[in-house]
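Participant: Annotation comment: Swiss-Prot describes GLY113, ILE133, GLY134, ASP135, PHE136, VAL137, VAL138 as S-adenosyl-L-methionine binding site.
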Amino acid sequence: MLIQAVTIFPEMFDSITRYGVTGRANRQGIWQFEAVNPRKFADNRLGYIDDRPFGGGPGMIMMAPPLHAAIEHAKTQSSQAAKVIYLSPQGKPLTHQKAVELAELPHLILLCGRYEGIDERLLQSSVDEEISIGDFVVSGGELPAMMLMDAVLRLVPGVLGDMQSAEQDSFSSGILDCPHYTKPLEFQGMAVPEVLRSGNHGLIAEWRLEQSLRRTLERRPDLLEKRVLIPKESRLLETIRQEQREIQS
């Protein structure tokens, strides 16, 4: 997989290309990265890529020509078709399912905005999709781009040491993850649940499912509304709800 970022701050991406599981996978050649700086495609010797907005208003707007040239250059670096994504608070929310879809693609170009925004004509002519990481605003698209990259790359075979890690993450199964424990057996008076030390894999699996359902019901009940429950999940969920009703009564 080739991922390119159109950005005026290429160095910011060192954190994902050099460190952690994504950095290791990059060194192993499982995925490749290139930062494309639109300043190199500016039509002025100072490298300006922004200007005042027509109609007035605060801030500066990134100009279409250098961004378009940067995107077109990025496309030439691979024989595979590229999907161009603009990280924007106006885009569709990034979800696990979207990350799964993007992980299947061979070439992603991530457009990282700065200043007050990007000329709308560039978005209409060169961007395939706008994606948001949440209902809030940050100073630029680099951090959102890296969050998207991390979410996507951990789903690419070989990036994680054990693909089961990705499969058991929150949202992979449509519900939140269960609690996890490691040594010591007791910490500040809190002990590791006995079932996890029992060695009974069937009981452990059921406990983890029950805990995932309980956590989802308490923290993200909207996820359960979208989920088609299997009989075991329905049974466990009804038991949890009955416990909650007894506590409230």
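Just so you know, glycine gets a Cβ as well, placed from its N, Cα and C.
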Participant: If you draw a 10 Å sphere around the Cβ of VAL138 (S-adenosyl-L-methionine binding site), how many other Cβ atoms fall inside it, taking every protein chain shown into account?
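Facilitator: Summing over all protein chains shown, VAL138 (S-adenosyl-L-methionine binding site) has 12 other Cβ atoms within 10 Å.
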Participant: Between the binding-site residues ILE133, VAL137, whose Cβ has more other Cβ atoms within 10 Å than any of the rest?
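Facilitator: Neighbour-count leader: ILE133.
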Participant: Looking only at GLY113, GLY134, the binding-site residues on record, which one has the least crowded Cβ, with the fewest other Cβ atoms within 10 Å?
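Facilitator: Looking at the binding-site residues GLY113, GLY134, the Cβ with the fewest others within 10 Å is that of GLY134.
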Participant: Find the longest CA to CA distance in the recorded S-adenosyl-L-methionine-binding set GLY113, ILE133, GLY134, ASP135, PHE136, VAL137, VAL138; express it in Å as a whole number.
Facilitator: 16
Participant: If you draw a 10 Å sphere around the Cβ of ASP135 (S-adenosyl-L-methionine binding site), how many other Cβ atoms fall inside it, taking every protein chain shown into account?
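Facilitator: Here the count is 7.
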Participant: Across all chains shown, how many C-beta atoms besides its own are within 10 angstroms of the C-beta of PHE136 (S-adenosyl-L-methionine binding site)?
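Facilitator: Its Cβ shell of radius 10 Å holds 7 other Cβ atoms.
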